[in-house]
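Below is one structure, written out as structure tokens, with a few remarks after it.
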């Protein structure tokens, strides 16, 4: 390997050792926090910029715009720094301090909208800025280069790493790029793989997972590529996240806790299954939020 972008992808797949069910099922986790900017979004960020370059839509020195809840922004800021772009990122102001700091460390300009405006407000403002000619909107929610990254890399890696044994794929749904791309790949393989998407229960807030209003549903989402959707409670996502750290040594974020909570539900209901879930990022992006605070462990939550 000679460039940073060549280190994106080919992440490890590891088996749960202590938390898995005792019905013959296996739960495997794809550790996307091992990507250079620390999340699964490195794949989509690279794909969106490289494919736009190939089409002649952007060139180094241009201004790029994107709305993000954190991980995509960090990944885009890294790729922009690597390739010589100016990056403007829009994010709700209730996202963690670590995410803000990482984006700025890569040289990105960060524009905050209010918690009440949320991701919908960030997306609207990003579109307004692009329409005013302030830069090129990458638009991860409607950009086919997002799921294309997972169709060409994540899906094939999982198939190869499981030797084609995978029976269920479980993924959180935010932009839906990961689940859409992986599902497209799995649909083309020699055996059926059940695709399970995760969304927050009504009233739950899980960073990186959304229950989108109809008018904001990502354009890249194809409901026919998802066999089942599970609702995950914020408490279950956070408890599973903490349990992964203390019982499996896997330090990840809240959406990953939700993904594993869903994967365990699927594994328990399907004896002898081979379930693969995506660990989207690392836990160090959430330390300032208090979700790993001592009070949770002293009360036994998630243990």
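Backbone N, Cα and C define each Cβ position, glycine as well.
Features of the protein shown, as given by Swiss-Prot:
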{"type": "BINDING", "residues": "71, 174, 175, 176, 177, 178, 255", "note": "pyridoxal 5'-phosphate binding site"}
{"type": "MOD_RES", "residues": "41", "note": "N6-(pyridoxal phosphate)lysine"}
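Sequence features, as recorded in Swiss-Prot, placed on the structure.
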{"residue": "41", "record": "N6-(pyridoxal phosphate)lysine", "Cβ within 10 Å": "31"}
{"residue": "71", "record": "pyridoxal 5'-phosphate binding site", "Cβ within 10 Å": "31"}
{"residue": "174", "record": "pyridoxal 5'-phosphate binding site", "Cβ within 10 Å": "28"}
{"residue": "175", "record": "pyridoxal 5'-phosphate binding site", "Cβ within 10 Å": "27"}
{"residue": "176", "record": "pyridoxal 5'-phosphate binding site", "Cβ within 10 Å": "28"}
{"residue": "177", "record": "pyridoxal 5'-phosphate binding site", "Cβ within 10 Å": "32"}
{"residue": "178", "record": "pyridoxal 5'-phosphate binding site", "Cβ within 10 Å": "29"}
{"residue": "255", "record": "pyridoxal 5'-phosphate binding site", "Cβ within 10 Å": "31"}
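Largest Cα-to-Cα span within the pyridoxal 5'-phosphate-binding set 71, 174, 175, 176, 177, 178, 255: 15 Å. The two recorded residues residue 177 (pyridoxal 5'-phosphate binding site) and residue 41 (N6-(pyridoxal phosphate)lysine) have their Cα atoms spaced 9 Å from each other.
For residue 176 (pyridoxal 5'-phosphate binding site) paired with residue 41 (N6-(pyridoxal phosphate)lysine), the C-alpha to C-alpha distance reads 11 Å.
Among the binding-site residues listed (71, 174, 175), 71 has its Cα nearest to the Cα of the residue listed as 'N6-(pyridoxal phosphate)lysine'.
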